[in-house]
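To keep things clear, I will list the structure first and then write my remarks on it.
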Amino acid sequence: MVKLGKTLAYLALVAQTLISAGTYILGKYAVAELEPLSLCFMRFGGAALILLIICRMRGVDLRVKKEELPQLLGLGVLVVAADPLLFLYGLRLSTPAQISLLYPLTPVFVLIIAGLRGLERPHWLRWLGVILSLAGVSLFLTEKGLSFQSEHLLGDLLVLGAVASWALYTTFSKPLVERRGTLAALTLAVCAGMVLFTPFGLTATLTADLSSVSWTAWLGLAYLVVMTVVVGYFCWNYALGRLEASQVAVMANGQPVATTILAALFLGEEITLWFIVGGVITLTGVTIAQLGGRKRRAAAQTVA
């Protein structure tokens, strides 16, 4: 039963990787036409509504204990505001290529945070896998003209903050997922974030000129709501309940590979030799990180 749960967790991560790859392609239309505050408000507000409806239909218990409030509010800030807003504002000041290189640092942050908290004691193979996957991503992104320039420094720092925020969410949400279950944990975190974010996001949305927003931007927003948050984040949390946080995080390094493949299929982007070499190195690193032995100081509960 445990083996089946882990198999399903890996399948969920594959699905999440493909969904995230689609996010870069379809989500860009919404990002191009909607202000970050409005976009985040509509994205997570819509997701919160859908998640609440699903929980209602499935009879999921969403009652919150007093001692859970600080954790939920903290996770809500990370997932609804810190990660997406830092990313969107950073994207305006940097380049997509550089941002694509910074996000694969997520598993490094997770390994450090989980290690400091005593949740994981990663085997050296786990570190080797993370470094290999990062090297592979760097290889084919460098070929695309990656260059660090001083005018992009602020944008890079903002995106680095987004990476740290997602790593913190990944690490600190794991106990909540193990305790409350995948769907309840995601719903509570998103709703908690919306409670804090609504005064800012609602004001920005009400004052925004939405009349000129194209249908492609609304389609991109719909993808961000339904696929990226509801389905994609659910898959991420599902895997968190069954695998180590660092095992889940390192799968994010497959996203640039998947994004390039989808771009080649649907947008005609060229697949080069450097991409193939970098992709093989990346996937090899991800595999090593998943198979690398490690010890935990506390055994994780299996979420049914």
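Note that Cβ sites are derived from N, Cα and C of the backbone, with glycine treated the same way.
Taken from TrEMBL, the feature domain 'EamA' applies to 8-141 (among others).
Residues or ranges marked as domain 'EamA' in TrEMBL: 154-288 (among others). Mapped onto DSSP helix, strand and coil, the domain 'EamA' (154-288) counts 117 helix, 0 strand, 18 coil.
Among the features that TrEMBL reports, transmembrane segment is placed at 7-30 (among others). Residues 39, 214, 216-221, 223-224, 227-228, 231-232, 235-236, 238-239, 241-243, 248, 251-252, 254-255, 258-259, 261-263, 266-267, 290 of the same chain, all 6+ positions outside the transmembrane segment (7-30), place their C-beta atoms under 8 angstroms from a C-beta of that stretch.
What TrEMBL lists as transmembrane segment is 36-57 (among others).
The feature transmembrane segment is assigned by TrEMBL to 69-91 (among others).
TrEMBL lists 97-116 (among others) with the feature transmembrane segment.
Sequence annotations record features per position, and here TrEMBL assigns transmembrane segment to 123-141 (among others).
Residues annotated as transmembrane segment in TrEMBL: 153-171 (among others).
For 183-203 (among others), the entry in TrEMBL reads transmembrane segment.
Long-range neighbours of the transmembrane segment (215-236) within the same chain, counting only residues 6 or more positions beyond its ends whose Cβ lies under 8 Å from a Cβ of the stretch, are 12-13, 15-16, 19-20, 22-23, 26-34, 39, 42-44, 46-47, 50-51, 54, 79, 170, 182-183, 186, 190, 248. Residues or ranges marked as transmembrane segment in TrEMBL: 215-236 (among others).
Long-range contacts of the transmembrane segment (248-267) within the same chain, counting only residues at least 6 positions beyond its ends with a Cβ under 8 Å from a Cβ of the stretch, are 13-14, 16-18, 20-22, 24-25, 100, 103-104, 106-107, 109-111, 126, 129-130, 133-134, 136-137, 140-141, 167, 170, 236, 239-240, 275, 278-279, 282-283, 285-286, 289-290. Among the features that TrEMBL reports, transmembrane segment is placed at 248-267 (among others).
As annotated by TrEMBL, transmembrane segment applies to 273-292 (among others). When Cβ-Cβ distances below 8 Å are used as the criterion, the transmembrane segment (273-292) is approached by residues 10, 107, 122-126, 128-141, 143, 246-247, 250-251, 253-254, 256-257, 260 of the same chain, each at least six residues removed from its ends.
Panel annotation: around the transmembrane segment (153-171), residues 75, 78-79, 82-87, 89-95, 98-99, 102-103, 105-106, 109-110, 113-114, 117, 119, 189, 236, 240, 245, 248-249 of the same chain, lying at least six beyond its termini, place a Cβ under 8 Å from a Cβ of the stretch.
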